[in-house]
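Enquirer: Below is one structure. I have some questions about it.
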Amino acid sequence: MTIFRTAPSARSGLSRRTLLTLLGAAPATAALSAALPGGFRARAADAQLNIYSWPDYFSADNLAAYAKKTGVTPNISTYDSNETLFAKLNSPAGAGFDLIIPSSSWIQQFAAKGLLQELDHSRLNLASFDQDLLNRDYDPGNKYSIPKDWGVLGVVYDPEAVGGEIKTWEDFFKAFEKPEVSGKIRLSDSGWETIGPQLWIEGKDWNTATSDEIRAAGEKVKALAKHVKSFSGLDPNAVANGSIVLAQTNQGTGRAIIGLNPKLKWVVPGPFSELWVDNYAIPKNAPNLDQAYDFLAYQLQPDVQLAETQYIGFPAALAGLEEKLPKDTKNADLIFGGKDLDFSKLTSFVVNPDTIGTYLQVQTEIQAAAG
Amino acid sequence: MTTPSRSSLSARSADHVVAAIPAAWLAVFFLAPLGFTVVFSFARSVFGGVELAFTFENYRTALTGFNGATFLRTIIFAVSASALCLAAAYPVAYFLARHTGRRRAIAVVLILVPYFSSFLIRIMALHMLMSRGGFAETVLNALYLHGGPLDVLDTQTAVFIGMVYAYLPIAIVPLFVVLDRIPKPLLEASRDLGASPLKTFVFVTLPLSRPGVATAVLLTVVPMLGEMVIPRLLGGSKGVLMGQAISSQFLQSQNYALGAAMAVLVLLAVGVMVVLLARLTKGFAEIGQ
């Protein structure tokens with residue numbers, strides 16, 4: 001925390017949840033839900049629902065409405081990274097959860113360890129989803145997961161300092177050496193988000209690149225590290241006031257920045273960029289399976305999805321949400337990654353035990369080289 | 001001459017019980033995890049787990065190349081930040097001990113109160129102070145000490161400022177306690193024998209404050225060795241230190257064995273420092289009693 005412990009999968013900015021994690025709200029949220037009077041919960045006989053999620057990742061109004069409707073108040077515990085979620089589910093302490101929210105990058109690891117159960121598609125209305133978000137490489141056929149919300153890796157920049165338009169990751173890296181830009185750059189703290197763009201420039205796939213290829217691409221980024229100002233979570237004010245003029249970030253933070261300073265620009269550079277998706281998944285031995293499906297059905301209603309989108313600041317996964325937003329929503333297109341976002345040019349990272357160590361090691365070296 | 005009564009015997013066994021509870025707590029929640037860490041540090045790592053083995057491979061990886069450089073840089077960093085902290089704390093403690101008189105309780109409280117607020121909140125506040133257009137910029141510009149926007153955030157300077165700021169109170173307190181207990185007659189004797197105030201300080205006050213110096217260094221250098229938040233919030237996560245390196249091995253790389261070896265190395269470094277600092281106070285009898 002996120003601000004700055006942003007280790008999780010793909011988050012490269014100061015999202016609502018990283019900030020809250022940073023500020024220690026995670027334990028507070030957990031304590032709060034634990035402190036709910038037991039009698040309140042027990043109202044619906046033995047019905048229960050235990051959710052393990054990122055902090056503050058469900059609209060409070062939606063949760064309250066669900067509790068009112070069904071008599072079941074979801075018990076929410078929180079984690080601050082996929083790694084923490086993995087470690088917990090992989091231990092005896094992980095038993096008892098009915099619904100978890102792993103990120104796209106980790107679904108395969110969870111499934112391979114036998115921690116997830118296959119979803120019963122007959123109990124979910126998959127047709128209502130934005131079809132661009134279904135059947136993606138990280139979970140073909142959505143066997144184990146359905147999307148909750150999503151984001152993209154993009155770039156926010158000051159066109160005046162950069163001296164032109166950024167269209168590709170090549171443009172992005174070329175801008176580093178400009179005197180108006182050098183020392184005012186923010187890169188992600190995630191290895192695949194800094195090295196991935198260089199791999200895409202070289203025409204490689206970040207999920208199939210070998211350790212040697214990752215290292216070679218990483219060395220090129222390392223050579224540019226001296227121009228970088230920060231790898232920590234991005235403070236929108238730092239870009240708005242010119243401390244940073246070129247920054248990798250997600251569209252949520254990008255929209256916050258452009259809201260503060262409309263002269264700045266947002267782009268999802270080519271040839272490829274990242275799509276990360278946080279997903280609903282059900283642990284293998286979830287004790288309250290029916291309740292989990294019931295909650296999912298509730299979550300997937302259009303009005304609920306719209307409220308979730310407005311609450312967390314990242315788009316929920318139902319089709320046609322953009323049209324449903326209130327007309328006066330500022331920069332509404334940025335919530336959805338900008339105008340004309342091409343999903344065929346987006347790729348999701350998948351953690352692979354053989355190469356993840358290289359990504360992390362080289363990232364650590366890049367950050368050290370900047371110091 | 002009396003023999004111990006039954007009641008004092010049972011009082012003594014009650015003492016043992018009372019002492020046994022925290023001892024058991026320590027054994028379960030401190031020694032056991034420490035034992036696991038040591039065992040892991042000799043094991044072989046698989047993704048998200050370890051295979052028990054006896055190998056020095058993790059230590060070799062942790063001490064060579066990039067990891068070795070990180071270890072060295074962390075020690076240099078912690079020692080120099082601690083020295084800076086000490087340099088800032090000593091004059092404050094000296095002033096408190098000698099010049100605050102009856103108001104010293106208030107002065108000590110004023111120094112400690114910020115320390116009782118959340119660590120993160122304090123560092124975030126410093127972040128806001130030092131950011132562009134922040135309070136520090138306004139003040140420096142108004143005093144003509146600096147011109148234009150202040151870009152100190154995300155630099156090593158900012159990290160050092162943060163470290164000194166965050167750990168200053170716990171360096172001041174032990175120094176204050178020791179300086180306060182130096183008997184006044186010793187200082188008067190030194191002056192009577194013709195020593196200048198500077199000489200008195202160098203040959204009387206400073207040597208007598210050694211236990212305070214050792215405690216202050218220990219209390220600051222140990223947390224600084226594992227500090228993760230300040231480099232992240234104020235230093236832009238550049239120039240990686242051991243704290244970050246260990247957490248990334250455990251959490252992101254899921255390499256528990258290497259992370260454990262690195263943690264044990266930091267523990268050894270702390271051990272060495274404790275021994276060195278103990279030597280600094282060797283032969284030191286409690287004063288002022």
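The backbone N, Cα and C atoms fix where each Cβ goes, glycine too.
Keep in mind that this is a model prediction, so the values were computed, not measured.
As annotated by TrEMBL, transmembrane segment applies to B:21-43, B:71-93, B:105-125, B:158-179, B:200-225, B:256-278. Residues or ranges marked as domain 'ABC transmembrane type-1' in TrEMBL: B:71-277.
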Enquirer: Take the C-beta pairs under 8 A between the transmembrane segment (B:71-93) and each of B:21-43, B:105-125, B:200-225, B:256-278. Which stretch has the highest count?
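Expert: So the stretch in question is B:200-225.
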Enquirer: Could you check whether the transmembrane segment (B:105-125) packs against the transmembrane segment (B:21-43) - three or more CB pairs closer than 8 Å, residues at least 6 apart in sequence?
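Expert: Contact criterion not met.
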Enquirer: Does the structure show the transmembrane segment (B:21-43) and the transmembrane segment (B:256-278) touching, where I'm treating 3 or more Cβ pairs under 8 angstroms (sequence separation 6 or more) as a contact?
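Expert: Contact between the transmembrane segment (B:21-43) and the transmembrane segment (B:256-278): present.
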Enquirer: When you scan the chain for residues with a C-beta under 8 Å from the transmembrane segment (B:158-179), skipping those not six or more beyond its ends, what do you find?
Expert: 81-82, 84-86, 88-90, 92-94, 96-98, 108, 111-112, 114-115, 119, 122-123, 126, 130, 152, 205, 208-209, 211-213, 215-217, 219-220, 223-224, 227, 230-231, 233-235
